[in-house]
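The feature active site, N6-AMP-lysine intermediate is assigned by Swiss-Prot to K151. The region 'NTD' annotation in Swiss-Prot covers 1-120, and the record cites similarity to another entry as its basis. Annotated region 'AD domain' per Swiss-Prot: 121-317, in sequence order, evidence recorded as similarity to another entry. If you look up Swiss-Prot, you'll see 318-419 marked as region 'OB domain'.
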Amino acid sequence: MLNQFPGQLSNNVFCFPPIESETKSGKKASWIICVQVMHHNTILPITDEMFSTDVKDAVAEIFTKFFVEEGAVRISKTTRVTEGKNLGKKNATTVVHQAFKDALSKYNRHARQKRGAHTNRGMIPPMLVKHFNIIPKTFFEDETDPIVQRKRNGVRAVACQQGDGSILLYSRTEKEFLGLDNIKKELKQLYLFIDVRVYLDGELYLHHKPLQWIAGQANAKVDSSELHFYVFDCFWSDQLQMPSNKRQQLLTNIFKQKEDLIFIHQVENFSIKDEDEALRLKTQFIKEGYEGAIVRNANGPYEPGYNNYHSPHLAKLKPLLDAEFILVDYTQGKKGKDLGAILWVCELPNKKRFVVTPKHLTYADRYALFQKLTPALFKKHLYGKELTVEYAELSPKTGIPLQARAVGFREPINVLEII
(Lines of atoms letter the chains of each structure in order from A and count residues from 1; the text may use other names and numbers.)
(Lines give C-alpha, C1' and ligand atoms only; values in the text may rest on other atoms or scores of the structure.)
Protein backbone atom coordinates (compact mmCIF):
# COMPACT_ATOMS: atom_id res chain seq x y z
CA MET A 1 0.00 0.00 0.00
CA LEU A 2 2.91 2.38 0.57
CA ASN A 3 3.53 2.57 -3.17
CA GLN A 4 0.08 4.15 -3.62
CA PHE A 5 1.39 7.36 -2.10
CA PRO A 6 3.92 9.83 -3.52
CA GLY A 7 7.11 10.17 -1.54
CA GLN A 8 9.59 7.90 0.18
CA LEU A 9 10.36 6.22 3.48
CA SER A 10 13.52 7.22 5.33
CA ASN A 11 14.47 6.31 8.91
CA ASN A 12 10.92 4.98 9.49
CA VAL A 13 9.35 8.34 8.55
CA PHE A 14 7.39 8.67 5.29
CA CYS A 15 7.67 12.09 3.65
CA PHE A 16 5.68 13.28 0.66
CA PRO A 17 7.59 15.15 -2.09
CA PRO A 18 8.44 18.78 -1.30
CA ILE A 19 6.02 21.40 -2.58
CA GLU A 20 8.16 24.32 -3.60
CA SER A 21 7.27 27.98 -3.86
CA GLU A 22 9.00 31.33 -3.83
CA THR A 23 8.98 33.93 -1.07
CA LYS A 24 8.38 37.62 -1.69
CA SER A 25 12.12 38.13 -1.44
CA GLY A 26 12.71 35.60 -4.21
CA LYS A 27 14.03 32.76 -2.05
CA LYS A 28 13.05 29.14 -2.59
CA ALA A 29 10.72 27.71 0.07
CA SER A 30 9.83 24.05 0.61
CA TRP A 31 6.86 22.50 2.43
CA ILE A 32 6.89 18.79 3.29
CA ILE A 33 4.26 16.68 5.04
CA CYS A 34 5.32 13.48 6.83
CA VAL A 35 3.78 10.48 8.59
CA GLN A 36 5.29 8.36 11.36
CA VAL A 37 3.90 5.54 13.50
CA MET A 38 4.52 5.65 17.24
CA HIS A 39 4.28 2.82 19.76
CA HIS A 40 4.64 4.48 23.15
CA ASN A 41 7.88 6.45 22.60
CA THR A 42 9.29 4.36 19.76
CA ILE A 43 8.97 5.08 16.03
CA LEU A 44 7.89 1.86 14.30
CA PRO A 45 8.89 0.84 10.78
CA ILE A 46 5.92 1.42 8.45
CA THR A 47 4.85 -1.77 6.67
CA ASP A 48 2.14 -2.62 4.14
CA GLU A 49 0.48 -4.84 6.76
CA MET A 50 -0.36 -1.73 8.82
CA PHE A 51 -2.77 -0.65 6.07
CA SER A 52 -4.98 -3.69 6.67
CA THR A 53 -4.34 -4.56 10.33
CA ASP A 54 -3.94 -2.20 13.28
CA VAL A 55 -0.94 -2.49 15.60
CA LYS A 56 -2.09 -2.57 19.22
CA ASP A 57 -1.48 0.72 21.08
CA ALA A 58 0.14 2.30 18.02
CA VAL A 59 -0.84 5.78 16.84
CA ALA A 60 0.07 7.63 13.66
CA GLU A 61 1.39 11.17 13.66
CA ILE A 62 1.25 13.71 10.85
CA PHE A 63 3.53 16.74 10.84
CA THR A 64 4.93 19.25 8.37
CA LYS A 65 8.34 20.73 7.76
CA PHE A 66 8.87 24.17 6.25
CA PHE A 67 12.13 25.83 5.36
CA VAL A 68 13.47 28.62 3.22
CA GLU A 69 16.86 28.30 1.56
CA GLU A 70 19.66 29.23 3.94
CA GLY A 71 17.14 29.21 6.78
CA ALA A 72 16.22 26.90 9.65
CA VAL A 73 13.69 24.10 9.35
CA ARG A 74 10.39 24.72 11.14
CA ILE A 75 8.53 21.60 12.24
CA SER A 76 4.84 21.79 13.09
CA LYS A 77 3.06 20.18 16.01
CA THR A 78 1.97 16.63 15.27
CA THR A 79 -1.61 15.67 14.46
CA ARG A 80 -2.33 12.29 16.04
CA VAL A 81 -4.54 9.69 14.38
CA THR A 82 -5.70 7.16 16.96
CA GLU A 83 -8.35 5.23 15.04
CA GLY A 84 -9.47 4.51 11.51
CA LYS A 85 -12.76 5.46 9.88
CA ASN A 86 -15.83 3.53 8.70
CA LEU A 87 -15.07 0.76 11.18
CA GLY A 88 -17.02 -2.41 10.49
CA LYS A 89 -17.71 -1.43 6.89
CA LYS A 90 -16.16 -2.60 3.64
CA ASN A 91 -14.25 0.67 3.25
CA ALA A 92 -12.90 0.67 6.83
CA THR A 93 -9.41 2.07 7.35
CA THR A 94 -6.73 1.33 9.92
CA VAL A 95 -4.97 4.01 11.92
CA VAL A 96 -2.02 4.07 9.52
CA HIS A 97 -4.13 3.98 6.36
CA GLN A 98 -6.30 6.84 7.63
CA ALA A 99 -3.24 8.89 8.54
CA PHE A 100 -1.84 8.48 5.04
CA LYS A 101 -5.19 9.42 3.49
CA ASP A 102 -5.38 12.52 5.69
CA ALA A 103 -1.80 13.47 4.82
CA LEU A 104 -2.43 12.96 1.10
CA SER A 105 -5.51 15.17 1.29
CA LYS A 106 -3.49 17.94 2.95
CA TYR A 107 -0.67 17.44 0.45
CA ASN A 108 -3.03 17.79 -2.53
CA ARG A 109 -4.77 20.79 -0.97
CA HIS A 110 -1.44 22.54 -0.39
CA ALA A 111 -0.26 21.68 -3.91
CA ARG A 112 -3.46 23.11 -5.37
CA GLN A 113 -3.04 26.34 -3.41
CA LYS A 114 0.50 26.71 -4.68
CA ARG A 115 -0.31 25.73 -8.24
CA GLY A 116 -0.39 29.26 -9.61
CA ALA A 117 2.95 30.89 -10.28
CA HIS A 118 5.65 28.83 -8.55
CA THR A 119 4.72 25.18 -8.33
CA ASN A 120 4.86 21.58 -9.42
CA ARG A 121 1.81 22.68 -11.46
CA GLY A 122 -0.54 20.28 -9.74
CA MET A 123 0.26 17.23 -11.86
CA ILE A 124 -1.27 14.06 -10.40
CA PRO A 125 -0.38 10.83 -12.23
CA PRO A 126 -3.48 9.13 -13.68
CA MET A 127 -4.95 5.87 -12.41
CA LEU A 128 -3.47 2.77 -14.06
CA VAL A 129 -5.07 -0.61 -14.84
CA LYS A 130 -4.04 -3.62 -12.78
CA HIS A 131 -6.18 -6.48 -14.14
CA PHE A 132 -5.68 -7.78 -17.69
CA ASN A 133 -8.38 -10.02 -19.21
CA ILE A 134 -9.68 -10.78 -15.70
CA ILE A 135 -12.66 -9.08 -14.05
CA PRO A 136 -12.49 -9.53 -10.25
CA LYS A 137 -15.63 -10.99 -8.67
CA THR A 138 -15.66 -8.05 -6.26
CA PHE A 139 -16.76 -5.83 -9.16
CA PHE A 140 -20.14 -7.61 -9.09
CA GLU A 141 -20.62 -7.86 -5.32
CA ASP A 142 -22.00 -4.35 -4.81
CA GLU A 143 -25.48 -3.14 -5.71
CA THR A 144 -24.11 -0.79 -8.37
CA ASP A 145 -23.23 -2.43 -11.70
CA PRO A 146 -19.70 -2.19 -13.11
CA ILE A 147 -19.09 0.25 -15.96
CA VAL A 148 -17.67 -0.77 -19.35
CA GLN A 149 -16.11 1.65 -21.84
CA ARG A 150 -14.46 1.34 -25.23
CA LYS A 151 -10.66 1.00 -24.99
CA ARG A 152 -8.99 3.27 -27.50
CA ASN A 153 -5.36 2.69 -28.42
CA GLY A 154 -4.29 6.28 -27.90
CA VAL A 155 -2.05 8.43 -25.71
CA ARG A 156 -3.08 8.98 -22.08
CA ALA A 157 -3.68 12.60 -21.13
CA VAL A 158 -4.93 14.52 -18.09
CA ALA A 159 -6.23 18.08 -18.22
CA CYS A 160 -6.46 20.65 -15.44
CA GLN A 161 -6.72 24.41 -15.17
CA GLN A 162 -3.79 26.35 -13.76
CA GLY A 163 -4.01 29.11 -11.20
CA ASP A 164 -3.59 31.73 -13.94
CA GLY A 165 -6.47 30.27 -15.96
CA SER A 166 -4.30 28.50 -18.54
CA ILE A 167 -4.82 24.83 -19.42
CA LEU A 168 -2.27 22.18 -18.54
CA LEU A 169 -2.49 18.96 -20.54
CA TYR A 170 0.01 16.32 -19.43
CA SER A 171 0.92 12.68 -20.02
CA ARG A 172 0.90 9.57 -17.84
CA THR A 173 4.52 10.35 -16.95
CA GLU A 174 3.66 13.98 -16.10
CA LYS A 175 5.17 15.45 -19.26
CA GLU A 176 3.38 18.52 -20.59
CA PHE A 177 1.92 18.40 -24.10
CA LEU A 178 3.04 21.67 -25.66
CA GLY A 179 0.81 21.62 -28.75
CA LEU A 180 -2.83 20.47 -29.06
CA ASP A 181 -4.10 24.05 -29.19
CA ASN A 182 -7.44 22.91 -30.65
CA ILE A 183 -8.10 20.80 -27.54
CA LYS A 184 -6.76 23.36 -25.05
CA LYS A 185 -8.95 26.07 -26.58
CA GLU A 186 -12.09 23.99 -26.02
CA LEU A 187 -10.95 22.98 -22.53
CA LYS A 188 -10.57 26.65 -21.61
CA GLN A 189 -14.15 27.25 -22.78
CA LEU A 190 -15.39 24.22 -20.83
CA TYR A 191 -13.68 25.32 -17.60
CA LEU A 192 -15.70 28.55 -17.70
CA PHE A 193 -18.78 26.51 -16.80
CA ILE A 194 -17.42 23.86 -14.41
CA ASP A 195 -15.50 23.46 -11.15
CA VAL A 196 -11.99 24.69 -11.91
CA ARG A 197 -10.54 22.15 -9.47
CA VAL A 198 -11.58 19.10 -11.50
CA TYR A 199 -9.06 17.01 -13.42
CA LEU A 200 -10.26 15.43 -16.69
CA ASP A 201 -8.69 12.04 -17.43
CA GLY A 202 -8.76 10.64 -20.93
CA GLU A 203 -6.98 9.71 -24.12
CA LEU A 204 -5.69 11.57 -27.17
CA TYR A 205 -6.95 9.64 -30.16
CA LEU A 206 -8.09 9.60 -33.78
CA HIS A 207 -9.98 6.53 -34.94
CA HIS A 208 -8.20 4.15 -37.34
CA LYS A 209 -4.86 5.91 -36.82
CA PRO A 210 -1.95 3.83 -35.41
CA LEU A 211 -0.59 4.56 -31.95
CA GLN A 212 2.81 5.61 -33.30
CA TRP A 213 1.19 8.31 -35.44
CA ILE A 214 -0.99 9.49 -32.54
CA ALA A 215 2.04 9.68 -30.22
CA GLY A 216 3.91 11.73 -32.81
CA GLN A 217 1.03 14.19 -33.13
CA ALA A 218 0.57 14.43 -29.36
CA ASN A 219 4.21 15.27 -28.76
CA ALA A 220 4.60 17.66 -31.68
CA LYS A 221 5.25 21.28 -30.79
CA VAL A 222 3.63 22.38 -34.06
CA ASP A 223 -0.10 21.78 -33.67
CA SER A 224 -1.84 19.78 -36.42
CA SER A 225 -5.30 20.13 -34.79
CA GLU A 226 -6.25 16.57 -35.76
CA LEU A 227 -6.34 14.72 -32.44
CA HIS A 228 -9.40 14.51 -30.21
CA PHE A 229 -9.55 14.18 -26.41
CA TYR A 230 -11.80 11.33 -25.21
CA VAL A 231 -12.54 11.81 -21.50
CA PHE A 232 -13.36 8.66 -19.55
CA ASP A 233 -12.98 9.81 -15.92
CA CYS A 234 -12.60 12.85 -13.70
CA PHE A 235 -11.32 13.45 -10.17
CA TRP A 236 -10.64 16.06 -7.52
CA SER A 237 -7.29 16.03 -5.72
CA ASP A 238 -8.96 16.33 -2.31
CA GLN A 239 -11.78 13.86 -3.05
CA LEU A 240 -9.97 10.83 -4.42
CA GLN A 241 -12.22 8.46 -2.45
CA MET A 242 -15.27 9.51 -4.48
CA PRO A 243 -16.64 6.29 -6.07
CA SER A 244 -16.39 5.76 -9.81
CA ASN A 245 -20.14 5.80 -10.48
CA LYS A 246 -20.48 9.23 -8.84
CA ARG A 247 -17.49 10.54 -10.79
CA GLN A 248 -19.16 9.36 -14.01
CA GLN A 249 -22.39 11.15 -13.08
CA LEU A 250 -20.46 14.36 -12.45
CA LEU A 251 -18.58 13.91 -15.72
CA THR A 252 -21.90 13.67 -17.57
CA ASN A 253 -23.03 16.88 -15.87
CA ILE A 254 -19.77 18.56 -16.92
CA PHE A 255 -20.36 17.78 -20.59
CA LYS A 256 -23.96 19.00 -20.37
CA GLN A 257 -22.59 22.46 -19.56
CA LYS A 258 -21.21 22.87 -23.08
CA GLU A 259 -22.59 20.61 -25.78
CA ASP A 260 -21.01 22.23 -28.87
CA LEU A 261 -17.51 20.85 -28.33
CA ILE A 262 -15.83 19.39 -31.41
CA PHE A 263 -12.53 17.97 -30.17
CA ILE A 264 -13.49 16.87 -26.64
CA HIS A 265 -15.86 13.97 -26.00
CA GLN A 266 -17.20 12.02 -23.04
CA VAL A 267 -16.63 8.29 -23.47
CA GLU A 268 -19.85 6.24 -23.60
CA ASN A 269 -20.64 4.09 -20.54
CA PHE A 270 -22.31 0.66 -20.49
CA SER A 271 -23.59 -1.01 -17.30
CA ILE A 272 -23.16 -4.79 -17.05
CA LYS A 273 -24.60 -7.51 -14.82
CA ASP A 274 -21.97 -10.21 -15.39
CA GLU A 275 -18.69 -11.02 -17.11
CA ASP A 276 -20.42 -12.43 -20.21
CA GLU A 277 -21.90 -9.01 -20.97
CA ALA A 278 -18.45 -7.46 -20.70
CA LEU A 279 -16.98 -10.03 -23.09
CA ARG A 280 -19.78 -9.44 -25.62
CA LEU A 281 -19.12 -5.71 -25.48
CA LYS A 282 -15.39 -6.31 -25.90
CA THR A 283 -16.09 -8.33 -29.05
CA GLN A 284 -18.39 -5.59 -30.35
CA PHE A 285 -15.79 -2.88 -29.69
CA ILE A 286 -13.05 -4.83 -31.46
CA LYS A 287 -15.30 -5.24 -34.53
CA GLU A 288 -15.78 -1.46 -34.47
CA GLY A 289 -12.02 -1.01 -34.73
CA TYR A 290 -11.21 -0.34 -31.08
CA GLU A 291 -8.57 -2.05 -28.95
CA GLY A 292 -10.96 -3.70 -26.50
CA ALA A 293 -12.81 -2.69 -23.34
CA ILE A 294 -12.16 -1.13 -19.93
CA VAL A 295 -14.18 -2.31 -16.92
CA ARG A 296 -14.52 0.00 -13.91
CA ASN A 297 -15.54 -1.02 -10.41
CA ALA A 298 -18.51 1.29 -9.81
CA ASN A 299 -17.58 1.83 -6.16
CA GLY A 300 -13.85 2.13 -6.71
CA PRO A 301 -11.99 5.31 -5.68
CA TYR A 302 -9.62 7.21 -7.94
CA GLU A 303 -6.14 5.87 -7.17
CA PRO A 304 -3.35 7.91 -8.82
CA GLY A 305 -0.48 6.00 -10.39
CA TYR A 306 2.18 7.20 -7.96
CA ASN A 307 5.31 5.03 -8.20
CA ASN A 308 3.65 3.15 -11.10
CA TYR A 309 0.90 1.83 -8.81
CA HIS A 310 -1.81 -0.07 -10.73
CA SER A 311 -5.32 0.13 -9.30
CA PRO A 312 -7.29 -3.10 -8.64
CA HIS A 313 -10.49 -1.18 -9.46
CA LEU A 314 -9.80 -1.26 -13.21
CA ALA A 315 -9.69 -4.17 -15.68
CA LYS A 316 -8.66 -4.17 -19.33
CA LEU A 317 -10.11 -6.66 -21.83
CA LYS A 318 -8.35 -7.08 -25.17
CA PRO A 319 -7.11 -9.87 -27.46
CA LEU A 320 -3.82 -11.52 -26.59
CA LEU A 321 -1.00 -11.66 -29.11
CA ASP A 322 1.63 -14.39 -29.22
CA ALA A 323 4.97 -15.01 -30.88
CA GLU A 324 8.20 -16.98 -30.43
CA PHE A 325 11.25 -15.32 -28.88
CA ILE A 326 14.76 -16.57 -28.17
CA LEU A 327 15.54 -17.41 -24.53
CA VAL A 328 18.94 -16.01 -23.51
CA ASP A 329 18.98 -15.82 -19.70
CA TYR A 330 16.99 -16.11 -16.49
CA THR A 331 16.55 -13.97 -13.38
CA GLN A 332 14.21 -13.56 -10.39
CA GLY A 333 11.44 -11.19 -9.36
CA LYS A 334 12.42 -8.07 -7.43
CA LYS A 335 9.85 -7.80 -4.64
CA GLY A 336 7.05 -9.47 -2.74
CA LYS A 337 6.24 -13.07 -3.52
CA ASP A 338 8.07 -12.76 -6.86
CA LEU A 339 11.40 -12.40 -5.05
CA GLY A 340 13.23 -15.68 -5.63
CA ALA A 341 10.77 -16.86 -8.31
CA ILE A 342 12.31 -17.52 -11.72
CA LEU A 343 11.69 -15.24 -14.70
CA TRP A 344 12.85 -15.90 -18.26
CA VAL A 345 14.84 -13.32 -20.24
CA CYS A 346 14.22 -13.22 -24.00
CA GLU A 347 15.92 -11.25 -26.74
CA LEU A 348 14.55 -9.42 -29.78
CA PRO A 349 16.34 -9.45 -33.14
CA ASN A 350 17.63 -5.95 -32.33
CA LYS A 351 19.28 -7.40 -29.17
CA LYS A 352 16.90 -5.68 -26.76
CA ARG A 353 16.03 -7.93 -23.86
CA PHE A 354 12.81 -8.29 -21.85
CA VAL A 355 11.58 -10.35 -18.92
CA VAL A 356 8.85 -12.99 -19.28
CA THR A 357 6.78 -14.53 -16.45
CA PRO A 358 6.18 -18.31 -16.76
CA LYS A 359 2.41 -18.73 -17.13
CA HIS A 360 1.93 -22.39 -16.22
CA LEU A 361 4.44 -22.80 -13.39
CA THR A 362 3.37 -22.56 -9.74
CA TYR A 363 5.27 -20.29 -7.39
CA ALA A 364 6.69 -23.38 -5.69
CA ASP A 365 8.06 -24.57 -9.05
CA ARG A 366 9.43 -21.12 -9.86
CA TYR A 367 11.21 -20.91 -6.49
CA ALA A 368 12.70 -24.38 -6.97
CA LEU A 369 13.85 -23.60 -10.50
CA PHE A 370 15.63 -20.42 -9.50
CA GLN A 371 17.35 -22.14 -6.56
CA LYS A 372 18.51 -25.21 -8.49
CA LEU A 373 19.03 -24.05 -12.08
CA THR A 374 22.71 -23.31 -12.62
CA PRO A 375 24.22 -21.28 -15.48
CA ALA A 376 25.75 -24.49 -16.81
CA LEU A 377 22.41 -26.34 -16.84
CA PHE A 378 20.70 -23.35 -18.42
CA LYS A 379 23.30 -23.11 -21.18
CA LYS A 380 23.11 -26.84 -21.89
CA HIS A 381 19.33 -27.28 -21.95
CA LEU A 382 17.60 -23.92 -22.44
CA TYR A 383 19.84 -21.21 -23.93
CA GLY A 384 18.80 -20.28 -27.46
CA LYS A 385 15.49 -22.17 -27.34
CA GLU A 386 12.36 -20.60 -28.82
CA LEU A 387 9.84 -19.63 -26.16
CA THR A 388 6.19 -18.99 -27.05
CA VAL A 389 5.14 -15.75 -25.37
CA GLU A 390 1.68 -14.25 -24.91
CA TYR A 391 1.60 -10.47 -24.62
CA ALA A 392 -0.83 -7.57 -24.68
CA GLU A 393 0.97 -5.35 -27.20
CA LEU A 394 4.37 -4.12 -28.30
CA SER A 395 5.72 -0.98 -26.67
CA PRO A 396 5.52 1.83 -29.25
CA LYS A 397 8.85 3.17 -27.95
CA THR A 398 10.96 0.01 -27.58
CA GLY A 399 9.12 -2.73 -29.48
CA ILE A 400 9.29 -4.90 -26.36
CA PRO A 401 6.25 -7.13 -25.62
CA LEU A 402 4.23 -5.76 -22.71
CA GLN A 403 2.69 -7.97 -19.97
CA ALA A 404 4.62 -10.91 -21.41
CA ARG A 405 3.86 -14.43 -20.15
CA ALA A 406 5.62 -17.60 -21.30
CA VAL A 407 3.20 -20.26 -22.55
CA GLY A 408 5.86 -22.89 -23.21
CA PHE A 409 8.76 -23.89 -25.40
CA ARG A 410 8.27 -24.50 -29.10
CA GLU A 411 9.90 -27.91 -28.74
CA PRO A 412 8.61 -30.03 -25.83
CA ILE A 413 10.77 -29.32 -22.76
CA ASN A 414 9.90 -30.09 -19.14
CA VAL A 415 12.03 -27.53 -17.32
CA LEU A 416 11.43 -29.21 -13.95
CA GLU A 417 13.16 -32.37 -15.17
CA ILE A 418 16.32 -30.39 -15.89
CA ILE A 419 16.94 -29.76 -12.20
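Every residue, even glycine, has its Cβ placed from backbone N, Cα and C.
Taking H, G and I as helix, E and B as strand and the rest as coil, DSSP gives the region 'OB domain' (318-419) the counts 24 helix, 41 strand, 37 coil. Model confidence over the region 'AD domain' (121-317) is summarised by a mean pLDDT of 92.
Residue counts for the region 'NTD' (1-120) under DSSP (helix as H, G, I; strand as E, B; rest coil) come to 26 helix, 41 strand, 53 coil.
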